[in-house]
Amino acid sequence: MPEGQGAARSAPGRVSAGPAACPSPRLPAAESAASAASPTPRRGAVRASVPQKLAEALSSQYGLVVFVAGLLLLLAWAVHASAVGKSDLLCFLTALMLLQLLWMLWYMGRSSAHRRLIRPKDTHAGARWLRGSITLFAAITIILGCLKIGYFVGFSECLSATEGVFPVTHAVHTLLQVYFLWGHAKDVIQSFKTLERFGVIHSVFTNLLLWTNGVLNESKHQLNEHKERLITLGFGNITIVLDDHTPPCNCSPPTFCSAISQGIYYLYPFNIEYQILASTMLYVLWKNIGRQVDSQQHQNIQFKFPGVMAGSVLGLTVLAATIGIVVVYLIQIGRSKTKSELALIMFYLYAIALLMLMGAAGLFGIWIYRIDEKSLDESRNPARKLDADLLVGTASGSWLISWGSILAILCAEARPPYTWFNLPYSILVIAEKYIQNLFIIESIHREPEKLSEDIRTLRVVTVCNGDAIPLASSCLTSGAVAADVASLGSEIPHVANGNMHLREGCGREAEEGSREGTPSPACRPCFLQGHAKRRVLRNIAAFLFLCNISLWIPPAFGCRPEYDNGLEEIVFGFEPWIIVVNLAMPFSIFYRMHAAASLFEVYCKI
């Protein structure tokens with residue numbers, strides 16, 4: 001008899017000798033021998049995956065072609081190309097949305113016809129809070145579409161029909177897409193995979209083009225306001241031409257049209273966030289096509305508010321203070337040179353203090369993780385990988401602006417008084433996002449706490465063949481769980497002196513940890529053990545969550561010192577610096593909202 005088969009047959013006998021004994025180390029050898037003996041299915045699986053890899057490559061290239069074509073149309077409209085107008089751009093975007101609507105209707109109809117079939121789901125994708133937030137942003141996007149329809153009705157004499165069709169199509173597209181994401185964001189598609197790859201990737205890049213269109217419209221509005229402030233402050237050495245797209249006809253009544261046009265730009269930040277959130281959820285759906293889902297189900301994440309009073313109060317205080325700072329800034333900036341400088345100094349001082357607090361909180365959270373030796377969850381998870389990639393990728397936008405400001409400060413010949421506040425502010429923006437990314441990425445890779453299950457398992461396995469065994473040094477590998485169990489030793493039944501063995505095992509573990517230089521559970525501060533540690537981490541996550549929402553508000557609603565201080569524009573030139581800011585600012589704004597979403601997930605997971 002081969003040795004591997006003998007091990008495979010003898011292993012069950014050892015396992016059944018005790019009700020809860022540790023598994024035999026020979027089982028993995030038997031499994032590897034059995035898998036090595038039958039390589040044919042593995043080769044067949046490789047051959048079967050080749051067409052799907054090809055379909056994935058083809059669909060991604062199709063999406064990039066559509067995206068590049070849309071970007072060229074957007075660029076042509078932005079630079080006022082003679083042969084390309086706004087109606088051409090809107091026709092292209094409308095056609096893309098109609099094609100996505102047809103695909104979503106076909107997919108939902110096919111899913112409804114086969115609703116009784118058991119379909120695999122990715123429990124990590126499409127969390128309830130994520131679908132709830134995208135629903136909120138979608139509702140505001142529909143309100144934005146209604147305002148655009150009212151704007152079209154007011155200027156209908158001199159606007160093309162496409163400017164009326166586009167908002168109606170966009171509103172229908174938004175409604176159906178939110179319904180689709182609520183019902184199918186967790187799907188792992190296993191049929192019609194090639195067709196579905198093209199449909200999902202088309203939806204991803206359609207939303208990205210709608211996001212780019214919203215960013216461009218909002219950036220044009222912000223740039224016009226910036227140019228008006230420069231004219232008021234008397235910057236004659238900068239060539240200023242207002243990019244005004246007001247229709248060449250009268251609107252009746254004028255006050256109604258003016259209110260609508262102002263309201264449209266205040267709602268653009270929510271529309272921008274909706275489009276990028278929808279594209280990320282659809283991208284995860286695309287990555288899950290044909291994926292083999294693990295049998296282990298994801299633990300349900302629940303929102304728990306108790307125990308985070310300190311972080312919530314401090315974060316809400318920051319949020320209220322930020323709103324006040326933004327209101328004062330928008331009122332004072334551009335009134336006069338003195339008021340503008342005072343507004344800039346006020347903003348920089350407040351931002352410096354806030355970024356230092358956020359950086360300190362992030363460092364403290366990372367330190368807690370460093371002294372808590374716990375295994376990380378390294379399983380394949382497209383949603384989690386996308387979250388980490390987006391955090392690092394979108395942070396590069398504000399890093400680009402900050403490094404530009406630092407270089408301008410160092411190279412400038414004359415430095416206004418607020419320059420010396422801009423320098424530490426730019427450095428702290430770089431450092432704070434670096435620290436926060438480390439904290440979030442490590443948090444989302446941590447296994448959720450399951451203390452109660454570990455204690456129940458310990459109560460079962462303390463009796464093996466009627467004799468007590470020292471489990472703390474052999475079966476329990478988590479230091480945090482061992483510390484919590486040691487603190488709850490009085491609740492464990494005293495069976496055959498099993499409690500004595502448990503305490504001896506914990507003592508040996510503490511001695512070994514102290515010899516290796518790693519803080520043992522017994523040597524850690526009391527606030528870093530068990531529920532106290534989780535309470536501290538929840539407070540940090542709640543505080544950073546509210547702070548990121550606070551830092552999303554200023555650039556999203558027009559408080560942008562990168563425009564208003566004027567120093568970078570003098571060093572780099574007006575147009576080059578405006579191009580840098582307009583390219584990097586959307587990523588910086590999205591970073592704050594995405595970081596807030598990730599921190600909310602971290603809070604619920606701790």
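Cβ atoms are placed via backbone N, Cα and C, with glycine included.
Listed in TrEMBL for this protein:
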REGION    1-44  region 'Disordered'
COMPBIAS  23-43  compositional bias 'Low complexity'
TRANSMEM  62-83  transmembrane segment
TRANSMEM  89-108  transmembrane segment
TRANSMEM  129-153  transmembrane segment
TRANSMEM  165-182  transmembrane segment
TRANSMEM  265-286  transmembrane segment
TRANSMEM  307-331  transmembrane segment
TRANSMEM  343-369  transmembrane segment
TRANSMEM  390-410  transmembrane segment
TRANSMEM  540-558  transmembrane segment
TRANSMEM  570-591  transmembrane segment
Does the transmembrane segment (570-591) reach the transmembrane segment (129-153), going by 3 or more CB pairs under 8 Å (6 or more apart in sequence)?
no
Quick one: do the transmembrane segment (540-558) and the transmembrane segment (343-369) reach 3+ CB pairs under 8 Å, ignoring pairs fewer than 6 apart in sequence?
yes
Can you see whether the transmembrane segment (129-153) and the transmembrane segment (62-83) are touching - at least 3 CB pairs under 8 angstroms, only pairs 6 or more apart in sequence?
no
Outside the transmembrane segment (62-83), at least 6 residues beyond either end, the same-chain residues with a Cβ under 8 Å of its Cβ set are 89, 92-93, 96, 198, 201-202, 204-206, 208-209, 212-213, 216, 220
